[in-house]
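Scroll down for the structure; my scribbles are underneath it.
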C-alpha cells in the first residue's frame with residue numbers, strides 16, 4: 001500500500017514538472033480529460049475549480065477555471081498547483097477567462113494582462129528591462145511588484161558618454177539601500193564599477209559614465225512596493241559644456257577628454273590666457289643649401305617672420321638634407337624643430353632582387369704617393385711626433401632613407417649560389433655624390449652540374465632540359481581527349497625567360513605557320529616521362545612569344561631553330577638552371593672530335609605500357625659523323641638527304657653506355673668543357689635533334705641535329 005502511494009505521488013510530481021515544460025499546443029491525447037489542453041496534467045478529470053479575482057488596475061471581477069480530479073479517496077483535487085489571483089498582480093487592465101462554468105486554457109497560455117504599466121511587458125506584465133541604443137531616451141518603471149528584478153543597458157556612440165538624470169524616484173527607503181533600489185554601474189554589465197545606488201524619494205545629482213555604456217539595475221524585495229522611478233538619459237561629450245574661452249575650438253581625443261584649439265594670440269588649456277604678439281628671427285639657410293618661405297604670412301622687413309610662417313630647406317647638388325625639412329614660427333617666438341644641415345652623401349644605387357647589399361663600417365681610406373715619402377724623409381722623427389696627424393672626422397648627422405655618407409662602402413653578393421655576380425663587388429661613395437665602380441647584377445650560372453663526366457650520364461636530371469607541350473585540338477591516337485596536353489619536344493633553357501627549341505616543334509608540319517602560344521607551354525624541372533611524378537618540383541610556364549629564325553626551311557629543315565620567350569621568369573634552383581652557349585673559339589678540340597651528350601624524353605612512349613610510370617629523362621653519348629658520309633649513308637638506304645652547314649650528323653657512340661634513341665626523342669645535344677667565365681667544366685648547348693629516318697633505333701642511320709654555333713649571335717640578341 002505504501003509503495004503504491006509513493007508511486008502515485010511520484011507520478012503526480014512528474015506531471016507537475018511536465019506542465020512548465022509543455023509547448024503552447026499539446027499533441028498528447030488523453031480521452032479522459034475534458035479538453036486536449038489538460039490531458040498531460042491529470043489522470044481522469046471529472047470536475048473544475050473556479051478562481052475568482054479582482055483586477056488591481058480597474059477593479060473589475062475577473063477569473064479563470066482549472067480542472068479538478070478525484071483522487072483514490074474520491075476527494076476532488078486540483079490538477080495543478082496554481083497561484084490564484086497573484087497572476088493579475090502587476091496588470092493595469094486584465095484579461096478574463098471563461099470562468100462562468102466552462103473549462104478553458106486561460107491559465108496555461110499565460111496571457112493574463114490586457115495592458116501593462118509603463119516599463120513592464122509580457123503576458124503577466126512581470127518582464128522589464130532592455131538594451132537601449134539612442135542619443136537620448138527614458139527609463140520609466142510605473143509601480144512594481146514584490147521580488148522584481150530589471151536590467152537596462154544604455155549604449156552611446158564611440159567618443160560619447162552617457163548622462164542619466166532622475167525625474168521621479170519613489171522606492172522603499174533604507175539608509176543602506178538594501179531592500180528596493182536602483183543601482184547604476186559604469187560599463188555594460190553587472191561587473192562594472194558602481195557609480196551610484198539610490199532608494200527612497202530623494203533624487204540624486206546627474207550621473208555620468210566614463211565610457212560609452214551604462215548599466216542600470218532595479219531590485220525589489222519581498223515586502224512593500226511604491227510608485228517606481230523615471231529617469232532620462234542622453235549622449236554628451238566633454239565639449240558639450242563649451243569649455244574653451246575666446247572662441248577656441250573644443251576637440252575630443254580618443255580617451256573622451258578634450259583639448260582646446262586656440263585662436264592666434266591665446267593660449268592655455270582652455271584658451272584663457274592672452275599672448276603678446278611675437279615674431280621669429282630669420283633662421284637662415286644651411287651651409288651648402290638654401291631656404292624658401294612656403295607658407296604663412298611671411299617675413300617682416302625681410303628679417304623677422306610672423307607667427308605661422310613656414311620655411312622649407314633645400315640642399316645643393318651632391319648634398320642631402322639632414323634634419324627637419326620644414327620649420328614653423330610658433331606663438332612663443334621660436335621655430336619648431338631644429339635647424340637642418342646639408343651633408344655630402346650619395347643616393348643608394350638601385351639593385352635587383354637577386355643582389356644582396358651590405359653596408360660596411362665607415363673607414364676613411366688613405367693613399368701614399370711619392371710625395372708622401374718625400375715629406376716623410378725630409379722631416380725628422382722628432383718633429384713628426386711633436387705634430388701628430390689628426391684622424392679625419394667621421395660623417396655626422398642622420399640621412400634620409402636611401403642615402404649613404406661620404407666614403408661609405410657597399411658590398412654586394414648574389415642571394416643564391418646558383419647565380420654569379422657581374423659588376424663591382426664593392427662600391428664607395430665619392431665626393432661627387434656618385435658611386436665608384438659599376439652597378440652589380442646577378443645572372444644564373446650556366447651549365448653547371450657537380451661531379452658529372454660525359455660517359456656516365458644515365459639517370460641524370462639535366463636542369464636546363466625543357467619539356468615542350470602542345471594542346472590537342474581533337475582526338476589523338478584515341479588516347480587523348482580534346483584540349484589535353486601532350487609532350488612534343490625538348491628544348492634548352494638559356495636564361496630565365498628564354499628557351500631554345502627546334503623550329504619544327506612549334507610550327508605546323510611542312511609550314512612556317514607558328515602554333516598559337518596559348519596552345520604551347522614549357523615545363524621545367526621535369527625528370528619522369530609521366531606528368532604526375534614530378535608535380536612538386538616542376539614549373540609550368542606560359543609562352544609570351546615565338547621567334548622563328550628567318551632562314552628556317554620547313555622542307556629541308558635548314559636553320560631548324562626557334563626561341564620561346566616565357567611570360568614569367570623561371571625560378572632558378574637545383575632542378576632548374578640554364579645551359580651555356582658556346583662559340584667556335586671556345587672548343588678545345590675540333591667539333592668532329594667532340595663527344596656530345598644527347599638528352600630527351602621518349603615522345604612516342606605509350607602511356608598504357610607497364611613501364612611508362614617509371615620512364616625518365618634519357619641520355620647517351622653520340623659521335624659526330626662526317627656530313628658527306630651521312631648523306632651517302634642515307635643514299636644507301638634509298639633516302640636522299642641534304643646536310644647543310646647549319647646541321648651535323650651524329651650516331652651513338654658504341655663505347656659509351658646509353659639508354660636513348662634519338663629517332664624517338666626530340667632532345668638537345670650538349671658538350672662539357674671549361675668556359676671563359678670559369679675554369680671549371682661547363683655544359684654548352686651544341687645542337688637540337690632535327691630529323692632522323694631510323695625507325696627502329698638500330699643506329700644504322702645517323703640522326704641530324706641543328707648546329708647551334710652558327711646561331712649564337714642571333715640567340716643572344718633575342719635573349720635580352
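From the backbone N, Cα and C atoms, a Cβ is placed for every residue, glycine too.
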Among 316, 451, residue that the record in Swiss-Prot marks as N-linked glycosylation site: 451
Of the residues 279, 614, the one that Swiss-Prot lists under N-linked glycosylation site: 614
Collapsed DSSP category at residue 329 (disulfide bond): strand
Candidates 262, 315, 630, 661 (disulfide-bonded residues) - the one closest to residue 128 (disulfide bond) by CA: 262
Candidates 128, 250: member of the disulfide-bonded residues with the richest Cβ shell (10 Å): 128
Rounded Cα separation (Å) that holds between residue 250 (disulfide bond) and residue 260 (disulfide bond): 5
Alpha-carbon spacing, residue 177 (disulfide bond) to residue 150 (disulfide bond), which is rounded to whole Å: 16
Summary of DSSP states over the domain 'Sushi 1' (278-344), given as helix, strand and coil counts: 0 helix, 32 strand, 35 coil
Residues in the domain 'Sushi 2' (387-444) grouped by DSSP into helix, strand and remaining coil: 0 helix, 22 strand, 36 coil
